[in-house]
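To keep things clear, I will list the structure first and then write my remarks on it.
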Amino acid sequence: MGPIKTIKKKKRAEKKVDRNVLLAATAAATSASAAAALNNNDDDDDSSSQSLDWWDGFSRRIYGGSTDPKTFESVFKISRKTFDYICSLVKADFTAKPANFSDSNGNPLSLNDRVAVALRRLGSGESLSVIGETFGMNQSTVSQITWRFVESMEERAIHHLSWPSKLDEIKSKFEKISGLPNCCGAIDITHIVMNLPAVEPSNKVWLDGEKNFSMTLQAVVDPDMRFLDVIAGWPGSLNDDVVLKNSGFYKLVEKGKRLNGEKLPLSERTELREYIVGDSGFPLLPWLLTPYQGKPTSLPQTEFNKRHSEATKAAQMALSKLKDRWRIINGVMWMPDRNRLPRIIFVCCLLHNIIIDMEDQTLDDQPLSQQHDMNYRQRSCKLADEASSVLRDELSDQLCGKNSSA
């Protein structure tokens, strides 16, 4: 099933959202140009020193005069260094397409002003009217600036989200935290809840199992909670296994283009290929290991589920952190544009990775939650092939043996 065939633009939007699958080969070149842009910040009109001057004037105009860095971080949820880097990414697009953006008093908005508006909109989840009132501009200006920012980030920040060419470090970290060998990622799905008119028949496809209208985001995550692959846009009515099987990630793995590295021997007749882990909502596959459902019936099953749970925490916490920091996709969105929403979700994922890549520790002192889908029950998928079940059993036996001899 395709994602909403009645919307002609939908497939184009999804292809754009899942483009990290297609653009991995160009990531290095894009990364180099972005690094050059970052290194040239000293020569930019928006360099660090001038950016400090901008915050001084901006904060006095909007927030009553506090120029404390902590105030900046509480407003935008990122450090000044990260903010300046994001400005450097979008500068070319914002200046190449001049627009007469101004506040309510007719004062032109600088690059930093516009990035601030977009980040506040994405980070706070506040309505266009509230953002407009806060920043002293009309709602349409807030909307146009935010969308231009989203379009620019899709292109300029794509190198921050791509499948890695080497997985050794990722596998090593997963084994260190969970004891699972050859694990390359953790997968999970979260719901972006929307308020849609229930009387419209076309909206029924968005109605999920918890009676919410929602759109899904599927993410594969590394041990550092960094997104490696994402796809957004499928209706919440679809089960996790259906979303998975319609994703670019699934198709690439099935074609042997992902998770195709070194295999580890488990026994004389069984090898453990590269794989990811996911909860019981996903099918048990040779490359996707899920936990034993119900109450474990043996020590090996108990040991496997324990280790599996440690590995899957990365995906759960990453999605929780994403929705907590970029609150436009948290809570309930009021009648969003369903063609644009997947692209907004994708840019929030890019921003999430940028914060990690910049080693930005803003808000790191806040406790991490594993709950990213409040009031959603865990659903179970019964799909499993015999070979995958045998593989999981042999891995469980080996893990239990290692544990016993430790």
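For all residues, glycine too, the Cβ spot is worked out from N, Cα and C.
According to Swiss-Prot, the protein carries these features:
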type    : residues               : note
MOTIF   : 8-15                   : motif 'Nuclear localization signal'
DOMAIN  : 187-353                : domain 'DDE Tnp4'
BINDING : Asp188, Asp240, Asp279 : divalent metal cation binding site
- Count the other Cβ atoms sitting within 10 Å of the Cβ of Asp240 (divalent metal cation binding site), across every protein chain shown. 21
- Taking the centre of the Cβ atoms of Asp188, Asp240, Asp279 as the divalent metal cation site, the remaining residues of that chain with Cβ inside 8 Å are Ile187, Ile189, Gly278, Ser280, Gly281, Phe282, Thr312, Ala315
- Item | Reduced DSSP assignment, Asp240 (divalent metal cation binding site) | helix
- Specify the secondary structure state of Asp279 (divalent metal cation binding site) as given by DSSP, simplified to three classes. coil
- In the structure shown, which of the binding-site residues Asp188, Asp279 has the fewest other Cβ atoms within 10 Å? Asp279
- Item | Segment confidence, the domain 'DDE Tnp4' (187-353), expressed as mean pLDDT | 96
- Where does Asp188 (divalent metal cation binding site) sit in the DSSP three-state scheme? strand
